[in-house]
Amino acid sequence: MSDITLAKPFPDKRNKTKVDLARIIGFAILLIVTIAMILPLGFMLSTSLKTTKEMLVFPPTVIPEHFAWENFKELFVNEEIKFGRQYANSLIVAIMTVIGTVFSSSFVAFGFARYRAKGSQFLFVLVLSTLMLPYPAIMIPQFLLFTKLGLHDSLLPLILPSFFASAYMIFLLKQFFSTLPNELYDAGRIDGCREVRLYWSLTLPLSGPVLATVAIFSFIWSWNDLLAPVLYLDSQENFTLPIGMAAMLSSKFRIAPWNLMMAASLLSVLPIVVLFAIAQRRFVQGIVLTGIK
Amino acid sequence: MSKKMGKTILSSALVFGLVATACSNGGSKDGDTVTITHYTIDSPDRTFVEKLIPEFEESHPNIKIKVTKAPYEQFDSKLQSSIAAKNAPDVTSHWGYGGFMEYYNKGMLMDMTPYLEDFNAADYNIPEDVMNIYKVDDKTYGIPLNSYVTVMLYNKDLFDKAGLEYPPTDYEDKSWTFDKMVDYAKKMTVDTPNLAEAQYGVDFGFGERDQRPQYFGANVYSDDTWTNGGKPSEINLTKPEVVEAYKKIYGLIWDQKVSPTPAFSKSVSGQFGDPFLSGKIGMSVVGSWSLAASSDFNFKIGVAAVPQGPNEKVRSVLYVDPLFILKDSKHPKEALEWIKFLITTEVQEKSIELSGGNPPVNQKAAEKYYSNFEGIDPEQIKQVFEGAYKYGFESYNHLISNYSQINELFINELASVENGDAKVEEALPGIQEKLKALLERVNK
Amino acid sequence: MKSTRESRREGRLFYFFVSPWLIGFIVFALIPVLASLYYSFTEYDIIHAPEFIGFGNYTELFRDEQFWNSINVTLKYTFISVPLTLLLSLIFAILINQKIPFRGLFRTAMYFPSMISGVSMALLWFWVFNPQAGLFNYGLSIFGIDPIHWFLDEKYAMWALIIMSFWGLGGGMLIFLAGLQGIPAHLLEAAKLDGAGRLRTFWNVTFPLLSPVFLFQLIIGLIDSFQVFTQAYTITQGGPNYSTWFYVYNIYINAFKNFRYGYASAMSWILLIAVTAITFIIMKLSNRYVYYEGGRER
C-alpha cells in the first residue's frame, strides 16, 4: 500500500499505467472502508423500523418486512421513557451552552488578541495549558461545589461553566481575531465603552463563519456529553438524551427494545445531521483548526 | 368481613392519627402546615403514592406531602446529594443499591422508638418477626411497608407443549424437589445458538449471587453477620459445601444446559432485563415483583412453590421494604403519621391496585393481594406466599453493611464463571481474598 | 511608543475582557484542582465532614488491585487503539488525497460517523456486536466463523471497543488531509526531480512536514483515551470480569456509587499527573524528531 502513498497528486506521464493501478487499488480500499463505515448506520436505520419480533431474526433482514413507524411514536408516547422531555432538556442545555460559549469565548479572545498587558503572555499560556486539563481531574470538587449549592439534579451545572469561556474556543477565536487588519481598530484613543463597541459591532459581525464553527462544536460537545450529566442529573425528567438513552437498556422493558433504542439514536443524531447538511464547511474548518473531533 | 374489619382498623387509626397530630401541633403555632417529603423510585409501582396524598391531606390538614423521585440507578446518589445539600427527604426506603444496614451504619436513619410509644404493630396486622427486621438493639429504625418473597413463575404454554404437569404450590409437597425441577427443565430446553428457536427450562434467580448457596444449605458469611450489624467476621467461599453449591448453580447453565447463558439473557432482554418475560424460559425463580407485570405477559403464567432443595429451612428470600425517617427530618411526628397512614389496611388494599400489585405487609390487606392476579387462583398465590414466609430468609442486601460494593464484586468476579470461561473452584479463592480485603476496609 | 497612562488603560481593558475566563478558570479549574488535592488526603462521603487521613488513600490505592487493573485496561486500550487509529487515518487521508473519483463523497462518508459519538454510537455498536442478532456476527457467519460473544465475553469485550474506536477515525483523517494539502507542491516536485521514489518522497518530505500534525493528534488521542467513560458506562459496566474497567469509570464508581470522594480524588490527581507528564515527555521528545517549518519553534 505504501507504493501508492503519494502525498499530492501530480502529473506523471512516464508511469501512467502504474499510477492507474495504484489509484484503482486505493479506490477499492476506500470503497470497502466507506461501506464498512456506513453499514452500521444503515443497520441503525433498518432496526429502528422493525417490529420487536423482526429485530431478533437471524440473519438480520435488510429492509423491514413492515415499516414500524410506531416505534418513533412510542418514544414520545411511552410515559416511562420521557423521550420528548429529555430531548427538550438536551436542546436547552446545548443551546444555552452555545450562547454562553460563543459570547464569553469571543469576548475573552478579543481581549487576548487586541491588548498587551502585564501577565497577558502568561495568561495565554495558562489558557493553552487548560486545553490538556482532563475533566475527570476536576469533576469531583465541581460536583461537591454545585451539590452544596443545592444545584444538584438541575441543568444549571451543565450550562453555567460555558458562560466562563472555553479554552479551545478562546484559542480558535484568538487566532482568527489576530488576522483581522489592525487598521480596522485604528483611532487613537482607547476607552472602555468604545472598545466594547468595537468588539460587539465591528469584530463579531466580521467573524460570522468562525463563530459558526465555535457554535457548531460547542453544540456537538454538549449534545454528546455523558459524564457531566451522569454526575448531576438524577431524575428522569431532568435527564439529557444520552443518559435517558443509556437508561433504556435497563430493566423496564421485557425485551431490550433495540428497535426503540435505534429509533432514539436516530433522532438524537438528527440535529447533527441537520447542522452537517447546512454547514459542512464549518465542520471541516473546525476540525482542522482545533485538531479535535 | 375482612373489609369491615379493615374499616374499623382504619377509623381507629385515623382517630389515633388525629390525636397524635393534635399533640404534635401543640408545640407549634396554630394553622402551621408542615411539608413532608417522600422520596421514592420513579416507577409506577412506587409513584402511585401520589394518588394517596389527597386523602391523607384531607384527614391531616396541617401536613402536606411532597413526592420526589429518581430511577433505581440514581436513587442512592440523589439521596446522598440531597442530604449533603441539607435538603434531605423525610421519608424513604432502601430502594437503591444500598440496604438498611448501609444506611444505618452511615447514620442516615432516625431512631423512631421515642415516637412509637403508642404504636402497636398488631393494629396494622404486621407480624412481630417482620417488625423486628428493622430493629437494632431494640431500637426501631424502619416500619415495614411491603413484603416480597421469592416465587417460582412458570410459562404454562411451554409446560403444555412439553406435556408436563404443573408444579405444586404447596411448600409441604416434598415431592417437588430441585432435581425434579431440573428434569422438567430438561424437557423444555432447546439449546441452540439460533435465538429464534432457543428456549431454556429454568432460570434460577434465588436471591443475589452471595445468597444463592443458602438454598443448598451453605452459607457464604459467618453466622455472627446477622447479629453484629451486618459485618461478617468470616467468609466461607472456599469451604467445600459452598463450592459445591456454586457448582450446582452454574452447572444449570454449563453442565445440565437447562438455564440460559448470560449471552442469551442479555441479548433477548438487555443488560438487566428478565429473560422469562420473553416467553422463552420455562420456569423462573424470581422475586415476586415480577408478578406485578403478569397481566401484560403474552403467555399464560402460573405460580408455584420454590422446589425443596438441600436446605430444609430456607427456600425463599424475603424482601421486606420498610419506610425510614431520615435523621435530618425536622418533623418526625408528622412523617410517622404519613407512614402509619400508608400501612392501614384500607390504604394497603388500595395500594395493591394502584401499584399494579405490591404485596402489602399488612396481613389483612394481603388477602386482597392474593386475588389480584388475573388467571391465577388466589388460593394458589396465598399458598405460595405463606410457604415462602415460613421457609423464608431476609435478603442479604438488607442485612449486610456496604452491600452495594459487595454485590458489585460478586457480579464482576463471577462473570467469567457465568460465561463459561472459568470453573467455580478456580474463581472462588480469588473472590474470597478480594472480599476479605473489601470487608476489612469498609468495616474497619 | 505608548504612554504609561495609555498602557495602563490597555492593561485594564485586557483584564476587563479576559475576566470571564479568569473567573471561570479560578472557580472551575484552579480551585477544583487544589480542592481535589486536599480531598485526596481525606476520607469523605459528602454526608459527614472530611476526615484527614494523610497518605492513607494513596497507600491504599497502591495495594488496590482494581486500581492497577483499571490502569492496565486503559493502557491496553490506549496503546492499541491510538496508534492504529492514527495510522489508519493517515493512510486513508493519503488515499483520499489522490486524484480519484468521488473524493468528496469518501471524505464525507468517512468523517461523518466521527460526529456521532457518545451514547448513540455506544448503543449502535452494542447492537452491531449483539451475539445473536447483530450485524458483526452475521458478517462473520458468512465466512463460516462461529458467533463471538463480544461485549459479554471478557476475552473479546476490549477488542470490540477497539474496533468501535476505528469508527471515529474520520476526524483525524480530515486533519491529516488538511496537512497533506498544505504541503507545498514545489517540495514534492523537487524530490521527484532528485529521482526519489514514492516511498522515499513520503519518508523524506511528506512525513516530516506532517509530523507536527501527527504529534498533536497523538497527544489528543492519548489524553482522550485516558478518559474513556461512555462505552464502559453504557455498554459493559466495566465488565465482564473487570475487563473493561477503565480508569475514569473506576473514579466514577468510587466517587459516585461507593461515595468515596477522597479516594476517588486521589485517583483524579494521579490522572492529572499522568496526563501532564505524558504531554511533557512527548513535547520533549518531539523537539528531537518533529520538523517545524522555519526552524525549531519550541
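The backbone N, Cα and C atoms fix where each Cβ goes, glycine too.
Per TrEMBL, the feature domain 'ABC transmembrane type-1' maps to C:71-282.
If you look up TrEMBL, you'll see C:12-35 (among others) marked as transmembrane segment. Counting same-chain residues at least six beyond the ends of the transmembrane segment (C:12-35), those with a Cβ under 8 angstroms from any Cβ of the stretch are 272.
Positions annotated as transmembrane segment by TrEMBL: C:77-96 (among others). Cβ atoms under 8 Å from those of the transmembrane segment (C:77-96) belong to residues 103, 106-107, 110, 158, 161-162, 165-166, 168-177, 179-180, 210, 214, 217-218, 221-222, 225-226, 228, 246 of the same chain, restricted to positions at least 6 beyond its ends.
Residues 92, 96, 134-136, 151, 160, 164, 167-171, 173-174, 230-231, 234-235 of the same chain lie 6+ residues outside the transmembrane segment (C:108-128) yet bring a C-beta within less than 8 angstroms of a C-beta in it. TrEMBL lists C:108-128 (among others) with the feature transmembrane segment.
Annotation source TrEMBL lists transmembrane segment at C:156-180 (among others). Sequence-remote contacts of a segment are chain residues at least 6 beyond its ends whose Cβ falls under 8 Å from one of its Cβ atoms, and for the transmembrane segment (C:156-180) they are 73, 76-77, 80-81, 84-86, 88-90, 92-94, 96-97, 107, 110-114, 117, 121, 125, 129, 148-150, 206, 209-210, 213, 217, 221, 225, 228, 231, 235-236, 239-240, 243-244.
Annotated transmembrane segment per TrEMBL: C:201-223 (among others), in sequence order.
Under 8 Å from some Cβ of the transmembrane segment (C:261-283) lie the Cβ atoms of residues 33, 36-37, 39-46, 50, 53, 57-58, 60-61, 67, 215, 218-219, 222-223, 226, 247-248, 250-252, 254-255, 298, all in the same chain and six or more residues away from its ends. Here TrEMBL flags C:261-283 (among others) as transmembrane segment.
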Within-chain partners of the transmembrane segment (C:201-223) [C-beta distance under 8 Å, separation at least 6 from its ends]: 78, 82, 85-86, 89-90, 172, 175-176, 179-180, 183, 187-188, 191-192, 275, 278-279, 282, 286, 289-293
